[in-house]
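Here's the structure, in structure tokens; my notes come after.
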């Protein structure tokens, strides 16, 4: 296996507050290789977006990275200064946001937004940037790109705007794209198109994708591997098929049981009792133990084995036993 | 677009007519000009004769109609006090006020927007906190007090700048300017700071709060995520979006600068139309008061119209709505 595009090692993000230090991301490790789509799934507040923001260096103060390493193509990027990090954003790491209606500057033509991004990172002339912008719009499926390039964002529909956003994120050909809930704000019919587009573009270019979502359907559709997050920690990490069909962590099992999947046929959805604890009130030991049907004494004391990138699938002392099937 | 302008101009004319009507209905309460115009040796016959001569015996609506019918021909009547045509008097006085207002307006706009952007970008810096605290003085102290304080400090104590008047002016025939002489420029400093300080702090605080709001928007985050330079994010993306609400307030404030020049001109004895108006009120010089009020209304209405047109220039979404809706 070649060197991973993104390698996150024991990442810790802290938010100092008056009542104590919160850890929205706690010792999270994962790799994404070239052309791979890693789905990051979890409930609101599980730390998925925070992880993405930490990678691209856009944590809102006072949140900060307090431990671990982030390596992009083997180079450490979590300790770069502001200007060095700015050069990486857009050029090496692209980002797609949730709401295409608010992601584009309403007062600037989309062509201007594309060309300014290219000119910030690539050594090309303004004319060339414009030609490339038209090509980029064409590639994301904007019809008549050459005549639409001088339109303003409000002249596009939501789905079209998300295509423009994707064109913007990819226009400097980054090695990694962080897509933070890219389909959540869209109509269901448009969601599938956007996911298909993102998948195709990234496969063609070999771009690694970190796909943050709470939608298991999107993960099952698009991702190669999936990381399940719970209360700032990685609960389970593995190939999508494995995790969906044979979850090991009791939380993942509960998550799958509560997700309607067409492949499983109709049956009553199961719920996980209770709700995810607030960050300031995390229980000792494994954060999931108060809700876990299998919790034992050890779970109340020790947070469970750390998941490293290559060994162990679930951060649980008593993983769900599944019939082992050769992969 | 043209239809919109025409409609707005029609509305503006209506506003002007109403302003004039209200003004004329109130002139009778200011006092009786006859008292001032005739000396001690007047007889009741003199008073009655003059009252009829000036048309003051008629109801205010009729007086207003007469004023309007001559005003549209460019004739604003003759000043009771100076005995000269009002249009000539105002034309003499206008350059002083307009130069003062222009300098104050430019000061208020450039420093206001500049400091507003600065304090928004360096939100938690010590310099921002100092500027914000000092700006409270600007919004809370009344204009005349600031003027008097400045006079005390720079004219009385330090003896650096003149406390009153315009200094030497150069007569260009149709315009008298204080920009070309050293004493003229010196004389401008204190009054223009006095006049513009309130607007400056207001614009600054407005720009700051709008800019902070804009900086929280997703498109700013996205601009950062695309690796744009901080300067481009702040000025190209954030400032332009900040300008839409700022233009409204700023436009009205520039009108206010001209209107409220009255106080500053009184404090500094600045020979502009504001001082002319104050003197006219003391003498109940109705033609001068009427002409001044109409002039100020025209200016306000004109600025409003320009502000509305500026929106179209700044915000493409409005252009599209207009094209589709009208």
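Glycine is no exception: its Cβ is also placed from the backbone N, Cα and C atoms.
Non-local neighbours of the transmembrane segment (B:12-30) in the same chain are 60-61, 63-64, 67-68, 281, 284, 286, 289-290, 293-294, 297-298, 301-302, 304-305; each lies 6+ residues outside the stretch with a CB under 8 Å from one of its CB atoms. Per TrEMBL, the feature transmembrane segment maps to B:12-30 (among others).
Annotated domain 'ABC transmembrane type-1' per TrEMBL: B:94-311, in sequence order.
The transmembrane segment feature in TrEMBL is assigned to B:100-118 (among others).
Tertiary neighbourhood of the transmembrane segment (B:130-154): same-chain residues 115, 118-119, 160-161, 163, 190-191, 193-195, 197-198, 200-202, 204-205, 208, 260, 263-264, 266-268, selected by CB-CB distance under 8 Å and a gap of 6+ residues from either end. As annotated by TrEMBL, transmembrane segment applies to B:130-154 (among others).
Among the features that TrEMBL reports, transmembrane segment is placed at B:246-270 (among others).
Long-range Cβ contacts of the transmembrane segment (B:290-314) within its own chain (Cβ-Cβ under 8 Å, at least 6 residues beyond either end) map to 1, 5, 8-9, 12, 15-16, 19-20, 23-24, 27, 67, 71, 76-77, 86-87, 90, 240, 243-244, 247-248, 251-252, 254-255, 258-259, 273, 276-277, 280, 322. What TrEMBL records for B:290-314 (among others) is transmembrane segment.
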Surrounding residues of the transmembrane segment (B:246-270) on its own chain - C-beta under 8 Å, 6+ positions past either end
96-98, 100-101, 104-105, 108-109, 113, 143-144, 147-148, 151, 163-166, 190-191, 194-196, 199, 202-203, 206-207, 210, 277-278, 296, 299-300, 303-304, 306-307, 310-311, 314
Remote residues contacting the transmembrane segment (B:100-118) - C-beta distance under 8 A, at least 6 residues beyond either end
127-128, 131, 135, 188, 191-193, 195-197, 199-208, 211, 234-235, 239, 242, 246, 250, 253-254, 257-258, 261, 264-265, 270, 272
